[in-house]
Amino acid sequence: MTEQLPAWTATVLGYPRTGADREAKKALEALWAGRADLASTERALAGVRAATVRRLNSLGLPAHDASIPSAFSAYDQVLDAAVAVGAVPPRFADVVGEDGRVDLAGYSTIARGRGADAPLEMTKWFDTNYHYLVPEIGPGTAFRFADDRGVREFSEALADGFLTRPVVVGPVTFLLLAKAAGGSPEGFAPISRLDDLLGAYEDLLTAYAAAGAEWVQLDEPALVSDSATAGVEGLAGLVRAAYDRLAAVEGRPRLLVATPYGDPGELLEPLAATAVEGLALDLVRGDVPARPELLTGKTVVGGVVDGHNVWRADLVAALARLRTLEGPAARVVAGTSTSLLHVPHDVTRETALDERLRGWLAFADQKVSEVVVLGRALGDAAAVREELSASARARADRTGAPGVVRPEVRERLAALTPEAFHRSDYAVRRLAQEEALGLPALPTTTIGSFPQTAEIRRARAAWTRGDLDQGAYEEFLRAEIDRVVALQEELGLDVVVHGEPERNDMVQYFAEQLDGFAVTAHGWVQSYGSRCVRPPILWGDVVRPAPITVPWSTYTASRTPKPVKGMLTGPVTILAWSFVRDDQPLGDTARQVALALRDEVADLEAAGIGVVQVDEPALRELLPLRTGDQPAYLDWSVGSFRLATAGAGDATQIHTHLCYSEFGEVIDAIDGLDADVTSIEAARSRMEVLDDIARAGFARGIGPGVYDIHSPRVPSTEEIAGLLRAAVASVPARQVWVNPDCGLKTRGYAETTESLRNLVEAARTVRAELPVPAAAS
Ligand SMILES: Nc1nc2c(c(=O)[nH]1)N[C@@H](CNc1ccc(C(=O)N[C@@H](CCC(=O)N[C@@H](CCC(=O)N[C@@H](CCC(=O)O)C(=O)O)C(=O)O)C(=O)O)cc1)CN2
Ligand code: MET
Ligand SMILES: [Zn+2]
């Protein structure tokens with residue numbers, strides 16, 4: 001490795017994969033629906049890859065120096081790594097070909113499941129709204145370099161004239177993110193298989209070298225997360241040994257090891273002590289190393305352009321940061337902090353956005369231009385003087401723009417007293433609510449959304465285009481609500497919802513109705529697999545010009561004598577799933593959103609809606625990766641939820657919904673929300689999470705999800721009744737609610753109707769088994 005390093009000066013760690021017009025999403029969904037065959041789907045995905053490489057090149061990343069990443073994935077990069085190293089769970093062994101390859105059909109099967117074969121579990125990727133598939137690793141998992149899809153994609157780009165830099169999830173992160181396969185011995189940890197896994201990575205590197213790769217990027221984000229590394233003894237030694245071994249592979253490509261999403265802290269040292277040629281550091285969330293000499297002799301990608309947010313970078317400050325790396329590093333490369341996976345493609349397409357706002361923004365393509373400018377600036381700052389001052393002007397322009405600061409919002413926040421964050425004692429509220437609602441024991445309800453049918457999407461698309469007028473669209477939605485209410489009455493659900501047909505997305509919908517937010521037309525970002533979201537941009541002070549959900553909820557209440565549950569998205573989730581202004585603390589922004597929601601709760605209450613659910617599925621997502629940063633976060637996040645809800649009277653029942661079950665870390669926070677009823681995911685753990693809840697002394701209502709809505713599978717009455725019996729064995733029956741584990745929007749009506757029928761039936765069965773005092777309470 002003594003020859004001249006290729007002269008790259010700028011790079012990005014990854015790029016969006018859905019395609020500028022969601023071509024990959026549409027191609028995959030067509031394959032799954034049986035509307036397309038494998039060959040045409042592969043061609044469509046290859047088209048997205050080719051367009052990406054050309055785009056990155058036209059934006060200024062050279063074609064031949066490995067600064068363009070090859071970071072495509074048809075579904076998920078962690079699944080790609082699992083398939084590459086032969087870690088396919090035994091229940092899917094039949095999808096692996098004789099040559100070790102897995103075709104797109106088999107790959108989709110592992111991701112989405114098949115009949116009784118559950119898919120790989122899906123969970124959040126660090127502190128983002130991206131979800132990865134969790135590898136299942138056991139003592140007997142036979143690692144080998146099995147599927148060479150990544151190598152073929154590299155060769156495809158090379159044949160097209162581009163020498164790219166393949167990107168693969170690194171071996172340490174792969175195992176730290178994996179879970180023990182079913183049947184593993186008690187206490188088995190996937191990371192104990194590191195040595196065996198490295199053999200597969202050695203062969204993978206050799207294959208990339210044979211195909212002509214000069215650099216390979218290995219992503220090791222787990223090194224920045226306390227929860228990913230918790231309980232692993234001697235991790236520094238493992239990191240050192242792993243990369244010593246990979247660095248010793250004969251004839252291998254150069255290695256760039258990336259630690260996005262934070263700061264690797266003490267784990268930088270063992271990594272830097274190995275012979276890997278490159279390190280990519282996140283200098284937005286992380287810091288320039290306290291011991292710069294660790295970087296001696298390395299190529300260092302300084303991640304100074306935020307891959308998480310859409311604001312134009314402060315290029316002058318970014319350049320200054322990069323310069324601090326220049327002494328020790330052999331070469332400094334301007335880069336992004338993370339992959340650009342989390343931001344939309346191109347802001348210039350957003351012609352409906354206010355022009356002034358558009359001038360403040362950088363989506364993926366604009367961020368590529370930013371790193372290219374910084375790369376040039378490292379050589380000769382004078383050559384890019386104009387670009388540097390334009391970036392400074394754009395940032396300065398935000399400060400004084402109308403709407404960024406609204407004195408009435410600031411004054412209202414400043415005048416808040418502690419009472420605004422507190423309700424009466426739960427015991428008092430409980431009595432008032434029992435009287436007001438008159439619900440049976442084990443009350444049944446849903447999480448809010450009913451299936452978003454093609455018909456609903458079509459109607460909304462027609463209304464957005466102007467082909468359907470406002471009146472006709474609203475009439476369509478009222479008819480939809482009528483159907484959803486009639487269905488719930490027929491099924492016998494106790495607390496009725498309106499089904500959320502008017503919402504394109506639970507965050508975007510609210511953003512569209514609040515001042516201070518902007519929404520995009522093309523700004524799609526992958527959330528998981530083929531599913532995408534358009535995160536709104538929260539740029540100014542937040543004001544609610546008019547009630548948002550009140551007309552829909554009151555219409556619903558007019559159609560049924562049963563209690564109706566109003567549906568709001570909470571302040572933390574609205575922040576988590578938006579691109580949020582970076583000119584003030586998140587807590588201040590969250591409290592502004594909370595005040596708007598507080599007014600909405602008050603209006604719902606005044607309109608006679610006695611139950612209001614404020615969803616906070618992202619409460620866990622924004623939890624800082626370093627434990628030391630967590631208390632401050634929990635303080636402002638819990639506080640903003642309380643500010644949104646504490647204006648409700650005693651008789652108004654506040655629900656919240658959190659759609660995950662790993663909340664050991666946030667159980668106190670959930671308690672702190674002080675909601676009257678909290679619904680959570682619990683079916684997959686067979687209600688075991690309720691033991692934690694009981695141990696924590698949680699005394700309010702709890703709705704453990706009794707079936708997994710992520711799959712079309714219909715749970716039987718007996719199965720649900722079994723789960724409910726387990727629930728009432730750990731938690732007093734008078735606390736227990738019966739509901740699915742999340743909203744039904746991604747499901748179809750056939751399985752939804754059947755599943756809910758069984759849910760109601762199971763609740764009746766177990767209700768009848770309860771001792772009389774509980775049933776009467
Ligand atoms: N923001 C957010 N994050 C979240 C969740 C969530 O609900 N929202 N849930 C969790 C899981 N993540 C999810 C993310 C996306 C979807 C999802 O269903 N996305 C839809 C798009 C939802 C949407 O914005 N729909 C719009 C636009 C739909 C659309 O594509 N319309 C067509 C036209 C349709 C037609 O003419 O028939 C088009 O624009 O081309 C609408 O309904 O109005 C998709 O990818 O398909 C589900 C779960 C965690 N994170
Ligand atoms: C991702 S949490 C979803 C909650 C929302 N109320 C729904 O039912 O869709
Ligand atoms: Zn949910």
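For all residues, glycine too, the Cβ spot is worked out from N, Cα and C.
Taken from TrEMBL, the feature domain 'Cobalamin-independent methionine synthase MetE N-terminal' covers 10-326.
For Arg531 (5-methyltetrahydropteroyltri-L-glutamate binding site), the number of other Cβ atoms no farther than 10 Å from its own Cβ, over all displayed protein chains, is 12. Taken from TrEMBL, the feature 5-methyltetrahydropteroyltri-L-glutamate binding site applies to Lys25, Asn129, Arg531, Cys532, Trp577.
Per TrEMBL, the feature domain 'Cobalamin-independent methionine synthase MetE C-terminal/archaeal' maps to 442-764. This prediction places the mean pLDDT of the domain 'Cobalamin-independent methionine synthase MetE C-terminal/archaeal' (442-764) at 95.
What TrEMBL records for Ile447, Gly448, Ser449, Asp615 is L-homocysteine binding site. DSSP assigns Gly448 (L-homocysteine binding site) to coil, not to a helix or a strand.
If you look up TrEMBL, you'll see Ile447, Gly448, Ser449, Glu500, Asp615 marked as L-methionine binding site. Counting every protein chain shown, the number of other Cβ atoms lying within 10 Å of the Cβ of Ile447 (L-homocysteine binding site) is 25.
If you look up TrEMBL, you'll see His657, Cys659, Glu681, Cys742 marked as Zn(2+) binding site. For His657 (Zn(2+) binding site), the Cβ neighbour count at a 10 Å cut-off comes to 27, with all displayed protein chains included.
Taking a C-beta cut-off of under 8 Å and a sequence gap of six or more, His710 (active site, proton donor) has these contacts in its own chain: Met122, Cys742, Thr746. Annotated active site, proton donor per TrEMBL: His710, in sequence order.
Of all Cβ atoms in the shown protein chains, 19 besides its own fall within 10 Å of the Cβ of Lys25 (5-methyltetrahydropteroyltri-L-glutamate binding site). Within the set of binding-site residues Lys25, Arg531, Cys532, Cys659, the entry lying nearest in space to Gly448 (L-homocysteine binding site) is Cys659 (CA atoms). The DSSP secondary structure for Cys742 (Zn(2+) binding site) is coil. Listed in sequence order, the residues of the same chain lying 6 or more apart from Trp577 (5-methyltetrahydropteroyltri-L-glutamate binding site) and placing their CB within less than 8 Å of its CB are Asn129, Val507, Val533, Pro535, Ala618. Other Cβ atoms within 10 Å of the Cβ of Cys742 (Zn(2+) binding site) number 26 in total over all chains.
If you take the Cα of Cys532 (5-methyltetrahydropteroyltri-L-glutamate binding site) and the Cα of Ser449 (L-homocysteine binding site), they are about 17 angstrom apart, rounded to a whole number.
Contact annotation for recorded positions (Cys659, His710, Cys742) versus ligand 3: Cys659, Cys742, each with CB under 6 Å from a ligand atom.
Within 8 A of the CB centroid of the L-homocysteine site residues Ile447, Gly448, Ser449, Asp615, the other residues of that chain are Thr446, Val497, Glu500, Met506, Met567, Gln613, His657, Cys742, Gly743, Lys745. Using a 10 Å Cα-Cα cut-off from His657 (Zn(2+) binding site), the binding-site residues that qualify among Lys25, Ile447, Glu500, Arg531, Asp615 are Ile447, Asp615. Comparing the Cα of Glu681 (Zn(2+) binding site) with the Cα of every entry in Lys25, Ile447, Ser449, Glu500, Arg531, these being the binding-site residues, the smallest distance points to Ile447.
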